[in-house]
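The feature domain 'RNA polymerase sigma-70 region 2' is assigned by TrEMBL to A:17-75. The domain 'RNA polymerase sigma factor 70 region 4 type 2' annotation in TrEMBL covers A:108-159. The domain 'DUF6596' annotation in TrEMBL covers A:177-277.
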Amino acid sequence: MTPEEAVAAAFREEWGQVLATLIRVTGDWDLAEECAQDAFAQALDRWRRDGVPRRPGAWLTTTARHRAMDVLRREAVGARKLQEAAMLTAPEEPYDDSGVHDDRLRLIFTCCHPALHIEARVALTLRTLAGLTTPEIARAFLVPEATMAQRLVRAKKKIRNAGIPYRVPPAHLLPERTTGVLGVIYLLFNEGYAATSGADLVRRNLCAEAVRLARVLARLMPDEPEALGLLALLLLHDARRETRVDADGELVTLEDQDRTAWDHAEVEEGAALLETALRRGRPGPYQIQAAIAACHTTAATAADTDWADIAALYGELARLVPSPVVRLNRAVALGMADGPDAGLALVAELEREGELNGYHLLPATRADLLRRSGRRTEAARAYERALELVENDAERHFLERRLAECRSA
Amino acid sequence: MKYALLICTPVAGEELSPAEIAEDPRFTSYIEEVRSRDVVKGGARLRPASDATTVRVQGDEVLLTDGPFVESKEYIAGIDIIEVADLDEAISLASRHPAALGGGSVEVRPVWE
């Protein structure tokens, strides 16, 4: 490995860890970021000259610490700054990569603190843990760079001014806060997953970042089955990424996807992780969703899909997460397991309740169930309704294709 | 850190006097918590917004408005200044306040020191 490659690799592997430690030691997010960046810049020079150190992470952390000490000493005008500098010169803790008291865990929980706006949580997580630059994050979320920079500045300011603690929450807060952290990573993944066209490659990169963060979290919280469940879920979805659209950018349904083109290593890893998680005997929404994804990805053909199992899992999920969208998915599964009428009954129930009115997948689901039962005129009407509501181009083209099929039959 | 808990309650909702609050069982948990931990450093129960007078000065003219500076569905019915370790502790106290539990809200503001 050349020194340049070693620095690039260290950046991917160690950025979050170096920054997280510096934030703990200095208590100053901006200074920590500056010093971490500086350490990576120095690494390029020094590693070329002296070779790559045995433990790049430890080297980078120490270098960044020294840099912080210099800056604080130079700026030490008041007693407080001097005190900070004194703290930095305190003997260093042994570099710990066992993951037990990992600073990254403190960083994840702080970035995902519920007192921050969800957009701020996502942006901070990408900037500090994943090491994405502000322009990269701005591009991924389709906002101007200045807007994203402002969002990051504001979030860091709130952490400081509002006294958001830099720590892993105590036991009584942990379950709730863990759910929040998992939610941020899942949201990140979905942002990337929703991007389908080639021009959206920056956004697709979010999937890879989300998987990486889920891996870190699963490693740092080995006793949390939902962290494993989330990683399994992301891998099982990500495995299908290449087959979700065809060469023309048109959406391909699960039924019609080329299963040989799925990433089978990811399928296997996801399925194995899910089993490990389920053995803990504490199921949760991510494990159940991963189990549903596994039903799909481990079926040899679309016809082999165990829809009865999937319907039962959606039933279980709806019990844990009472959401009409989950029930809509259950309607699809029931329609496949017990015939379209079973699904249509549940769709009718959701229509009466009205919570999903305006959501294009409600009429689209009705349309698909009607199409499967051969009621094409009614199906066409439901597709027309779905087309009035749909926003995503790939989905619009898909619905238009289906509508044309129904009309021509 | 010091925080101000701004206790917001719906306009035209229940208006309890300080004496009534002291007796009200809904306040017991909050009052005991803040007392036993000695975190309250000051505060006040405020009369409703309808009793407010808003003062503005334009040139040398003092302009008075009968009512609050801004009409809204909630008004600040009280302020507690607390001193705790961090925002999590402040949130934990705020979430025990009957206003937060019963349809109102508590705004947690760091004190600028």
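Numbering starts at 1 and runs along the chain as displayed.
Here the Cβ of each residue, glycine as well, is placed from N, Cα and C on the backbone.
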DSSP-assigned states of the domain 'RNA polymerase sigma factor 70 region 4 type 2' (A:108-159) in counts, ordered helix, strand, coil: 38 helix, 0 strand, 14 coil
Reduced to three DSSP states, the domain 'RNA polymerase sigma-70 region 2' (A:17-75) has 52 helix, 0 strand, 7 coil
Residues in the domain 'DUF6596' (A:177-277) grouped by DSSP into helix, strand and remaining coil: 78 helix, 2 strand, 21 coil
Restricted to the domain 'RNA polymerase sigma factor 70 region 4 type 2' (A:108-159), the mean pLDDT of the model is 94
